[in-house]
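So the structure is just underneath, and the comments pick up after that.
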Amino acid sequence: MKANNMSLFSEFLLLGLTDDLALQPLIFSLFLFMYLVTILGNLLIILAVSSDSHVHTPMYFFLYNLSLADICISTTTIPQMLVNIQRKRKAISCTGCLSQVCFVLIFAGLENFLLTAMTYDHYAIICHPLRYTAIMNPCLCVPLVLFSFSISTVDALLHSLMVLRLSFCTDLEIPHFFCELDQVIMLACSDTLINNILIYVTAGIFAGVPLFGIIFSYIHIVSSVLQMPSSGGMYKVFSTCGSHLSVVSLFYGTIFGVYISSAVTDSHRNAAVGSMLYYMVPQMLNPFIYSLRNRDMKEALRKLTGRIPSLL
């Protein structure tokens, strides 16, 4: 079988979650519903944070950017699948496939760094309350988001360029609903050792280090909380951290679930379902977690919804 460079191919085939035509309308409706809920929920968070001066704090600045990342990562993956189901075609262009790989890595990496920054914000306000305004200030927050976006972009471009050097055979079927990096690499006919090493190294650095920082910060947070004399103060701190800890657990829990399931089973369909849980479910649930468990966000959303009739 002849092997060619990726740039010589016109398209890949996205096989989706199932070949059963009877299930396609159900899958289309489910994905469309999840996408609309994700867009609406995160858009409400963005508008609420933008319109209410009481939540113009570092924590909500990071939440604002997290909602933007959630919208972007969902828009990168879901619309292409919806179009393919509606048109009953599975093709995606080579350029479109590589673009999906790149943008998914950018926004997933950005989300990872933003969750870490939000953890550091909690650590600063709980463990160093008197120095909080000096530690978390606009001179730190804005460059931190820009640095996170830049690092994620460099990482994504590096992986994308390494994919371009691979040679592919004619069987370019991806058992997935979007072009995921490891699924694309598995189709290569040439040696992928360097690509796989790069994946493990960058994952260890850009996922392992932030996760260690989150765990380290929460160890200090819990230690500080347990030293508080007032049970009311302890409840307030745990209530403040509860929403963020739920989002962190959901984000990293789905990551570990995907890779553990892929390690114990060879089913590509199961891997696709696992990736759906990672790239769709957290992004859809994040706005609900923050709005339902956060008093400031509920108040900001109440004010926003109160302004909507007057705007109409």
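Just so you know, glycine gets a Cβ as well, placed from its N, Cα and C.
Features reported for this protein in TrEMBL:
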TRANSMEM  21-49  transmembrane segment
DOMAIN    41-290  domain 'G-protein coupled receptors family 1 profile'
TRANSMEM  61-79  transmembrane segment
TRANSMEM  91-110  transmembrane segment
TRANSMEM  130-149  transmembrane segment
TRANSMEM  197-221  transmembrane segment
TRANSMEM  233-260  transmembrane segment
TRANSMEM  272-292  transmembrane segment
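Per-residue pLDDT, averaged across the domain 'G-protein coupled receptors family 1 profile' (41-290), gives 84. Same-chain residues lying 6+ beyond the ends of the transmembrane segment (91-110) with a Cβ under 8 Å from its Cβ atoms: 6-7, 9-14, 65, 69, 72-73, 76-77, 80, 84, 148-149, 151-153, 155-157, 159-160, 163-164, 174, 178-181, 184, 206, 279.
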